[in-house]
Amino acid sequence: MLTMDKCKHIGQLRLAQDHSILNPQKWHCVDCNTTESIWACLSCSHVACGRYIEEHALKHFQESSHPVALEVNEMYVFCYLCDDYVLNDNATGDLKLLRSMLSAIKSQNYQCTTRSGRVLRSMGTSDDTYYLHDGTQSLLQNEDQMYTALWHRRRILMSKIFRTWFEQSPTGRKRQEEQFQEKIAKREVKKRRQELEYQVKAELETIHPRKSLRLQGLAQSTTVEIVPVQVPLQTPASPAKDKVVSTSEDVRLKKASDSSGKRRPIVTPGVTGLRNLGNTCYMNSVLQVLSHLLIFRQCFLKLDLNQWLAVTASDKTRSPYKHPSITDTVYQMNECQETDTGSAPSRHPSLSLGLSGGASKSRKMELIQPREPSSQYISLCHELHTLFQVMWSGKWALVSPFAMLHSVWRLIPAFRGYAQQDAQEFLCELLDKIQHELETTGTRLPALIPTSQRKLIKQVLNVVNNIFHGQLLSQVTCLACDNKSNTIEPFWDLSLEFPERYQCNGKDIASQPCRVTEMLAKFTETEALEGKIYVCDHCNSKRRRFSSKSVVLTEAQKQLMICHLPQVLRLHLKRFRWSGRNNREKIGVHVGFEEILNMEPYCCRESLKSLRPECFIYDLSAVVMHHGKGFGSGHYTAYCYNSEGGFWVHCNDSKLSMCTMDEVCKAQAYILFYTQRVTENGHSKLLPPELLSGSQHPNEEADTSSNEILS
């Protein structure tokens, strides 16, 4: 990389103290939303992608003539007028100060000083929730609401346009006629019901009083229960109005009228974007995938650890700190017509009346976050429960996952800050923490936890343990005596190496095809161990235990085969390799994969005998994709199959769009998720009957037949 020691345009730079680059939530291109190669203009607040992505930063220079820009992640400075990277700073040392501030924001370490004592506006913050304060949260909550409202308005306008066009067509006119006839039928049913009620009331009034006062009192109390609306009988105007509708027709129309009153979801459940809070695309992609795995989502929609967590924590620690109630950490709906603006929001014991739980016709959506909770009160299971409730409520087009990010920072310190992270590492750490939390749940004051709750926790733990859990058969064969030694090893994902032809630098590597089946075959192929290094039990069996003779070492070969298939198969493609001592580069070749994967060729013989052929078939459920060329930079998106709408969705942080299977198969996959079509016990549903029967949709009253999606 060529650099200039001195650039005259840097000397003319005057950087504002409240530059937008200090907000991690703006570390993405304003045009294409990518977080790869992000350049911030140092003359204004514009942030865009570099010339090797979509050239939006270059276009901004051509339109505004602002020459100097800074790469947010690598912190290089580039001058477009000089067309070169620069090293010098201006007289006030703004670039050095800006780099120090960016490093502090990424690491969340604000113990930094400058020689002159001059600091930027945000330099004095010392809390690790730097950009999670109330002002920022409130601003983003309003933006989320406005985004959802704007999307909803656009959908309504588009629906009106298509409805007008549809009404002019022959099919539309026929539909209008049917609806008109249905209205008349409903009106006749209502009128007939009112007439019957009036007749019943008239008959009750003409009945003679009973001799027994007790029976007379009972009769009076019985008549009070029926309070019909008195409507004067009208003479039928035509024979058609005299027609009596049958009872079955009454029931059918009554059901139709009841169902028509149900609220349709604003968006298709699950089609909710997650705002990028500052290089958090790795977290957003993983959360989108986990929420679209049916068995995983249903478990955490059912389980909420917040209720007993506060009880056990307060009883165990006796801390003066009061754990925030569930309404302090979940998405709620507050009354929109509330006249007293200074009054506190109403408290609800559960999510049934909140954003995630039900349908409130006159409520305003609001996101409330925990305030500086201690780490022992934080529950990742509760945060997943809350977030999944919101994402699958059908009410939000965009959500800012503040609480989830805050919990990750506290419970997984390696991901604290706004630095770019690896999605595979985050997924492993997140699942490990969730499993540990569920395992330790029942041991903390079990007497205070209801039996039903402990049973539910045990069921969810069983699902979490088994959903990704499989077993490998490691078989070592001695080449001297042909003795085989078998070892069973657990696995939660399969890390697949690329073939040898992709491990070296070459110009024609990307043009050579590669498929995931080839990588699976490489994973399960027989591998020769180098030299005589294997201690064979059979070859050393004749040697006495305390004999002075040396141990016999032989040559051997090793093979890995799958002996127990997981319910959800995770395939991690090892795209990053070491190049030199401290550099990791990416293997950017496209890996072909299919919608249906047959795992039978990669299983051991015992599994082939014990399982039915249907158990080896897997369906593609999700794909995590990495955009970029390096390990420490890039952008993550995810392709997820939405079971509610029956379509594939491309999840790019806040932007979600419908896509086809062909588009999914063209993705540069990093992690593949396949769901077993039929489990070993022969069931197609992976969810336990106890959880499946008791689970509820987060928006029970929503009509999920609507297939509208974000455009």
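In case you wondered, yes, glycine gets a Cβ from its N, Cα and C as well.
Worth saying up front: this structure is predicted, and the values here are computed from it rather than measured.
Swiss-Prot lists 5-102 with the feature zinc finger, giving sequence analysis as the kind of evidence. What Swiss-Prot records for C7, H9, C79, C82 is Zn(2+) 1 binding site, and it gives sequence analysis as the kind of evidence. Feature annotation from Swiss-Prot assigns Zn(2+) 2 binding site to C29, C32, C49, H56; the stated evidence is sequence analysis. Swiss-Prot lists C41, C44, H60, H66 with the feature Zn(2+) 3 binding site. Annotation source Swiss-Prot lists domain 'USP' at 272-677. According to Swiss-Prot, the active site, nucleophile annotation covers C281, on the basis of sequence analysis. What Swiss-Prot lists as active site, proton acceptor is H635, and the listing cites sequence analysis.
Averaged over the zinc finger (5-102), the predicted model reaches a pLDDT of 84. Same-chain neighbours of the Zn(2+) 3 site beyond C41, C44, H60, H66, judged by a C-beta within 8 angstroms of the site's C-beta center, are, in sequence order, L42, S43, S45, H46, F61, S64, A69.
Distance from the CA of H9 (Zn(2+) 1 binding site) to the CA of H635 (active site, proton acceptor) is 31 Å.
According to DSSP, the secondary structure content of the zinc finger (5-102) in residues is 28 helix, 17 strand, 53 coil. Counting other Cβ atoms within 10 Å of each Cβ, the recorded positions C7, C44, C49, C281 show the lowest value at C44. Residue pair C44 (Zn(2+) 3 binding site) / C32 (Zn(2+) 2 binding site) shows a Cα separation of 19 Å. Of all the recorded positions given, namely C7, C29, C32, C79, C281, those whose Cα is no farther than the 10 Å limit from the Cα of H66 (Zn(2+) 3 binding site) are C79. The shortest Cα-Cα distance from C281 (active site, nucleophile) to any of the binding-site residues (C29, C41, H56) is found for C29. In this structure, the C-alpha atom of C49 (Zn(2+) 2 binding site) lies 10 angstrom from that of H60 (Zn(2+) 3 binding site).
Of all the binding-site residues in the record (C29, C32, C41, H56, H60), the one with the smallest CA separation from C7 (Zn(2+) 1 binding site) is C41. Annotated pair C79 (Zn(2+) 1 binding site) and C29 (Zn(2+) 2 binding site), C-alpha to C-alpha distance, rounded: 19 Å. Straight-line distance linking the Cα atoms of H56 (Zn(2+) 2 binding site) and C41 (Zn(2+) 3 binding site), rounded to a whole number, equals 11 Å. Ranking the recorded positions H60, H635 by how many other Cβ atoms lie within 10 angstroms of each Cβ puts H60 at the bottom. For C32 (Zn(2+) 2 binding site), the nearest of the binding-site residues H9, C41, H60, C82 in terms of C-alpha separation is H60.
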